[in-house]
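Peer 1: Let me begin by handing over the structure; questions about it come next.
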Amino acid sequence: MIILKDGYKEFADCMYYFLHYYIGYGRYTYSATNGSCDKGEYLDKRHNQCCNRCPPGEFAKVRCNGNDNTKCERCPPHTYTTIPIILMDVINVENAQPDHLIR
């Protein structure tokens, strides 16, 4: 177990998402073990496969289908996501609650 000092958890999470989504980790889906998946993934119950969640600032352009993983795309200008997500939509900044925005 690695213990991180205050403020380094965000860095570790950022590196995890970078490796997981951009270097090629998680490129393919895999069968869920005991109905659970790794951090940054979700269980697609239709196929019993572990699939990538899109990182904050991106949305699912194409959901995983049992063979190919989720295809994420950056949110368009003036929209956002704040959490790893599997939705195929983003939130318009004009409709956002003020406490949801990062300035």
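Note: Cβ is positioned from N, Cα and C throughout, glycine not excepted.
In case it's useful when we look at the structure, here is the feature table from Swiss-Prot:
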DISULFID  Cys37-Cys50  disulfide bond
DISULFID  Cys51-Cys64  disulfide bond
DISULFID  Cys54-Cys72  disulfide bond
REPEAT    36-73  repeat 'TNFR-Cys 1'
REPEAT    74-103  repeat 'TNFR-Cys 2'
Peer 1: Once near-sequence residues are set aside, which residues in the chain of Cys64 (disulfide bond), 6 or more away, have Cβ atoms under 8 Å from its Cβ?
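Peer 2: In sequence order, the residues whose Cβ lies under 8 Å from that of Cys64 (disulfide bond) (at least 6 apart) are Thr29, Asp44, His47, Gln49, Cys51, Asn52, Thr70.
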Peer 1: Counting other Cβ atoms within 10 Å, pick out the least crowded of the disulfide-bonded residues Cys37, Cys51.
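Peer 2: The disulfide-bonded residues Cys37, Cys51 were compared, and Cys37 has the fewest Cβ atoms within 10 Å.
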Peer 1: Tell me the Cα distance separating Cys72 (disulfide bond) from Cys50 (disulfide bond), rounded to the nearest angstrom.
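Peer 2: Here the two Cα atoms are 15 Å apart.
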Peer 1: What is the number of other Cβ atoms found within 10 Å of the Cβ of Cys50 (disulfide bond)?
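Peer 2: Around the Cβ of Cys50 (disulfide bond), 22 other Cβ atoms lie within 10 Å.
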Peer 1: Take the repeat 'TNFR-Cys 1' (36-73) and count its residues per DSSP category (helix H/G/I, strand E/B, coil), listing them in that order.
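Peer 2: For the repeat 'TNFR-Cys 1' (36-73), the helix, strand and coil counts are 0 helix, 19 strand, 19 coil.
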Peer 1: Please work out the number of neighbouring Cβ atoms within 10 Å of the Cβ of Cys72 (disulfide bond), leaving out its own Cβ.
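Peer 2: For Cys72 (disulfide bond), the count of other Cβ atoms within 10 Å is 22.
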Peer 1: Return the average pLDDT for the repeat 'TNFR-Cys 2' (74-103) as a whole number.
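Peer 2: Computed over the repeat 'TNFR-Cys 2' (74-103), the mean pLDDT is 59 on the 0 to 100 scale.
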Peer 1: Determine, to the nearest whole angstrom, how far the Cα atom of Cys54 (disulfide bond) is from the Cα atom of Cys37 (disulfide bond).
Peer 2: 15
Peer 1: May I ask for the distance between Cys72 (disulfide bond) and Cys37 (disulfide bond), taken between their Cα atoms and rounded to an integer number of Å?
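Peer 2: Distance (Cα to Cα, whole Å): 18 Å.
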